[in-house]
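This report refers to the structure that appears directly beneath it.
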Amino acid sequence: MSDALQTLRQRIDAVDDELLRLLAQRARLAQEVGRLKQGNLFYRPEREAQVLRRIKAANPGPLSDEAVARLFREIMSACLALEQPLRVAYLGPPGTFSQAAAVKHFGHAAQTVDCPSIDDVFRQAEAGMVDYAVVPVENSTEGAIGRTLDLLLDTSLKICGETVVRVHQCLLRREPVREGIERIYSHPQSLAQCHEWLNQHLPGVARVPVSSNAEAARLAAAEPQAAAIAGEMAAEIYGLTLLERNIEDDPNNTTRFLVLGRHDAAPSGQDKTSLVMSAPNRPGAVYELLGPFARHGVSMTKLESRPSGTALWDYVFYVDVEGHREEEPVARSLSELKNLASLLKVLGSYPVAVL
Ligand SMILES: C=C(O[C@@H]1C=C(C(=O)O)C=C[C@H]1O)C(=O)O
């Protein structure tokens, strides 16, 4: 080994020792916070968002803001697990983008619990079997996830966070070659998202829709002539070779997930409020519902309508606005809305996704 290399490695070891000492010091401070809170709501989404935003703003480089935020997410996750490893329900099986979203938001120290349906994810959290739930709410190409919106209407859970995941699809197979593939398994949405790539690179190969990408990977692991389209994480879980990365036709394909808990979050300085409302059935009623936000200068980031499920052609509106429900402009808008809307439910105020 050259002298220069040896010296650099010695210096890296010294920095690692120092990092380790500082990490232990941080963990002990977090434990003290835990004692102050006496197990009461140890996980604070607004504080975690503030920590990550501060780190990104203070980042001197050369690591990217994204990279340092990811590292600090894991540090907080490990500190939090000293108190109690959080249990987080997601739409399984293991290897789905929902699991990736849960890990992105809570870090690897959280315990993720797979559920067979979105309904079950809600039920587990409502019944207190898990601490939090992560559910998909919208996709940039496919639009709203209707089942999640419907379940939000009746749940006792509050939205306490959001996270956005880039959906990168991969071609996975047991055999390490592309030749000889006779079938490709995937979720119908993923097959649709890779339509052009498949036409070009694997024309004439049968596309077989299955219930999830992880299920596709599981099937492909058992059949030498089959391949699967799934996320990268499924390759490791199901022992498959990653033949091709990023085969989705739209490289900006993203899914937004909501984090649900039995509490929402305190103001973090950069928050969103989600609500659902409906208008009495008369001319101009929907227009009036949007008035309070306009008058108080509150920006709307989403407006989605869904059939109410009670009367034919009766709609409910899902609205996201900028700001926290405890902050003046949103608070004032909400109190005016109470008199205008036939239904008004605040689903939660929560920090805008940092990562
Ligand atoms: C330490 C705290 O509690 C938890 C741990 C955090 C951390 O490790 O930085 C941040 C927020 C909480 O989820 C705190 O509230 O400050």
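Any Cβ shown, glycine's included, is placed from N, Cα and C.
Summarising the annotation, TrEMBL assigns domain 'Chorismate mutase' to 1-87. Note: the domain 'Chorismate mutase' (1-87) comprises 68 helix, 1 strand, 18 coil (DSSP; helix = H, G, I, strand = E, B).
Residues 75-76, 78-80, 82-83 of the same chain sit 6 or more residues outside the coiled coil (5-32) yet have a Cβ under 8 Å from a Cβ within it. Here TrEMBL flags 5-32 as coiled coil.
The feature domain 'Prephenate dehydratase' is assigned by TrEMBL to 87-262.
Positions annotated as domain 'ACT' by TrEMBL: 274-351.
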